[in-house]
Amino acid sequence: MKPENMVMGIVFILQTTVGILVNSSVLLHYLVPGFTGKGLKLKTLIVKHLTLANSLSIISRGIPQIMAEFGMKYFLDDIGCKLVLYLYRVSRGVSLYTTCLLSCFQAAIISSSTTKWMKFKHKAIKYMGPSCSLSWPMNLLLNVMILVTVTSSSNRRNATKKLTYGYCSASVSGTIATPLYMLLLSFTDVLCLSLMSWASVFMLSILHRHKKQVQYIHGAQHSLRVSPEARATQTILILACTFVTFYSISSIMVLYSALFGNPGLWVINIISVLEACYPIFCSFVLISNNSSASRLYLHCWWKR
C-alpha cells in the first residue's frame with residue numbers, strides 16, 4: 001500500500017467517524033418527543049431532512065472511499081456501484097435543497113410584518129413542509145441516469161469516455177443527451193444556490209438594519225443579549241455561506257475533471273474530502289447552537 005493511500009484512508013476514516021457521530025447526535029436530539037413548540041415544527045422538520053441527507057451522504061461517500069484507499073478497489077459490482085453513487089447523489093441533492101429551504105424559511109420568519117409581506121410569508125411557509133418531503137422523490141428522479149451510466153471499475157465495457165472514482169466508473173456518451181442532462185442538474189443546483197444567496201443577503205440586510213435601530217435606541221455602549229431569532233439567523237447564514245463555499249470549490253474541481261478527462265485519483269480524493277466537509281460542519285454548527293444537543297454529543301463522545 002502506498003503511503004498516500006494510507007494517509008487518505010485515515011483522513012476518510014476520521015471524516016466518516018466524526019460525521020456519523022455528530023449527525024446521529026443531531027438526529028437523536030430532534031427525534032426526542034416534545035422537544036419543539038408549535039412555531040418550530042416546520043424548522044425542525046427541515047433540519048431532520050437535512051441531517052438525514054447529510055448522514056446518508058457521509059456513509060455512501062466515506063465508506064467506499066475508505067475501502068478503496070486500503071486496496072479493495074473491486075469490492076462493488078455494477079449494482080453496488082449504481083446504488084452507492086445513486087444514494088450519494090440523491091442525499092447530496094436533498095442536502096442542497098433543504099439548506100436552501102432553511103435559508104428561505106428563516107428569511108420569511110424575520111421579514112417585515114406588513115400586510116404585503118404577511119400574505120407572501122404565510123403562503124411560502126405553508127408550502128415549505130410538503131416541498132421538503134417532495135425533495136426526496138424529486139432528487140430520485142433527477143439522478144436516475146446514474147443507474148444507467150455507472151459501472152464497477154472491474155467492468156471493462158467499452159465507452160466513449162469514462163470518469164473513474166477509484167471504486168466505480170461513469171461512462172459518458174458522445175450524444176447530446178449527456179450535456180442536456182448535465183445542464184438540467186446544473187440548473188437545479190444554480191437555482192437553489194441563487195435562492196440561498198438571495199435569502200442570505202436579505203437576512204444580512206435585516207440584521208444590519210435591526211442592529212442600527214437598537215444602537216440608536218439604547219446607545220452604542222449599551223450591552224444587549226442576542227435574541228433567539230438573531231442567533232438562529234446567524235447560524236443559518238453560516239450554514240448557507242459554508243455550503244456555497246465548499247460547493248463552489250468542489251464544482252471547480254469537478255469541472256476540471258470533466259474538461260481534462262481522468263485527472264488522477266488525487267483530484268477525486270480532494271473532491272471527496274471537500275464534499276464531506278459540509279455535512280460534518282453543518283452538524284457541528286447545529287449542535288453548537290443548541291445546548292441540549294451539545295450535551296448529548298459530549299455524552300456520546302465520552303461513552304466511547
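Using the three backbone atoms N, Cα and C, a Cβ is placed for every residue, glycine included.
Note on the domain 'G-protein coupled receptors family 1 profile' (22-297): mean pLDDT across this stretch is 77. Residues or ranges marked as domain 'G-protein coupled receptors family 1 profile' in TrEMBL: 22-297.
Here TrEMBL flags 6-32 (among others) as transmembrane segment.
Annotated transmembrane segment per TrEMBL: 94-114 (among others), in sequence order.
Annotation source TrEMBL lists transmembrane segment at 134-152 (among others).
The transmembrane segment annotation in TrEMBL covers 164-184 (among others).
Annotation source TrEMBL lists transmembrane segment at 190-207 (among others). If one looks beyond the transmembrane segment (190-207) by at least 6 residues along the same chain, the residues whose Cβ comes under 8 Å of a Cβ in the stretch are 96-97, 99-100, 103-104, 106-107, 110-111, 230, 233-234, 236-237, 240-241, 243-244, 247.
What TrEMBL lists as transmembrane segment is 235-259 (among others).
Residues annotated as transmembrane segment in TrEMBL: 265-287 (among others).
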Which of 6-32, 94-114, 134-152, 265-287 contacts the transmembrane segment (235-259) most, counting Cβ pairs under 8 Å: 265-287
Contact check, the transmembrane segment (6-32) vs the transmembrane segment (134-152), 3+ Cβ pairs under 8 Å, seq sep 6+: no
Intrachain residues whose Cβ lies under 8 Å of the transmembrane segment (134-152), provided they are six or more past its termini: 49, 74, 76-78, 80-82, 85-86, 89-90, 93-94, 97-98, 101, 167-173, 181, 184-185, 188
